[in-house]
């Protein structure tokens, strides 16, 4: 069976179809593709970069590494804070950028586990959120005592090969998580993905999916920070895994999209169901509201995107032209168009009023390969569309000026596939400054004119 690493070691980034305007392809903004070394700045790390996140005002950048995340000032790239954690983190900033929701994912006893916690940021500090230093010291002391007893019957090589310190450390980490959960400092669950923003517009609530994957916990942020896990209410009604949770721009609705093929709208004050949007014949995945909150779009495994009116539940459009599921999308800031990214390397732009596909972009060979060339993220910032490519590259298309940039990631020298396969492209200033998390343990900053 072909692995992701094997596929991307042989993969060459090529287009089958580019954006067009009046039958002409876009011109190169920088004279051609841009490679590593032509970036404005580079943030070199000492570990693999799993993901990155940015505050809404673009002032702070979070870089997630295997056992910590670091917060940087985006202008100077100076380090503001380091937060250590026992397992790989994934983070999202609150609207004011002062609080972080952190999810940790790991495997224990062959089971995939996830925990969520809230952390208030403090510039200029290094925080040990789970007392890792104390745990390390305790594990070393316990291992030393155990080795002294075992040495009566075991050889030194037997003791060394048993990895006693590692086992003590894992046991104490698990005990620490249990204690943290007991006191409400963290809880079992996960933050929704696929482009979701997990906080309410005012930052008072956090959306967290419960272990049953069908129920959404709406968490009171301040009460949880001060007194421990506090659930305001839950969104209950889906019969399969929830993939998307979000609040409408006007704050009057919450929405969820789930594998049971339904999109649901909820009252943001008490979690009561307002209406169910039907029509999909496959699992429902990513969704997004229009800027005026009058429409909601959702992608499905049945190879279609649907747009409904939020006030009535009327199905406005069923949009096709894909060969696989659609798991990333965003409306134009003025709500006139919708950009979508799909399995098989397809990006389409639809006019919202007519439902017509007005732009089409396709990776070569993608439609015959499927998930390997799924588009992990698209964004619409100002007049620019940002596309994250599965090999770690980023494409930026200026719709008005009909120009493009390609920020190309080379093949990993170690033979492994790209680290950051999934994730939204990050940018500031309407797509003029772009950030890429790269497989050489670095984050690059690209300045596009």
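Including glycine, each Cβ sits where the backbone N, Cα and C put it.
According to TrEMBL:
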type: REPEAT; residues: 235-276; note: repeat 'WD'
type: REPEAT; residues: 277-318; note: repeat 'WD'
type: REPEAT; residues: 319-360; note: repeat 'WD'
type: REPEAT; residues: 431-449; note: repeat 'WD'
Secondary structure of the repeat 'WD' (277-318) by DSSP, residue by residue, totals 0 helix, 22 strand, 20 coil
Taking DSSP H, G, I as helix and E, B as strand, the repeat 'WD' (319-360) contains 0 helix, 23 strand, 19 coil
Across the repeat 'WD' (431-449), DSSP yields 1 helix, 12 strand, 6 coil
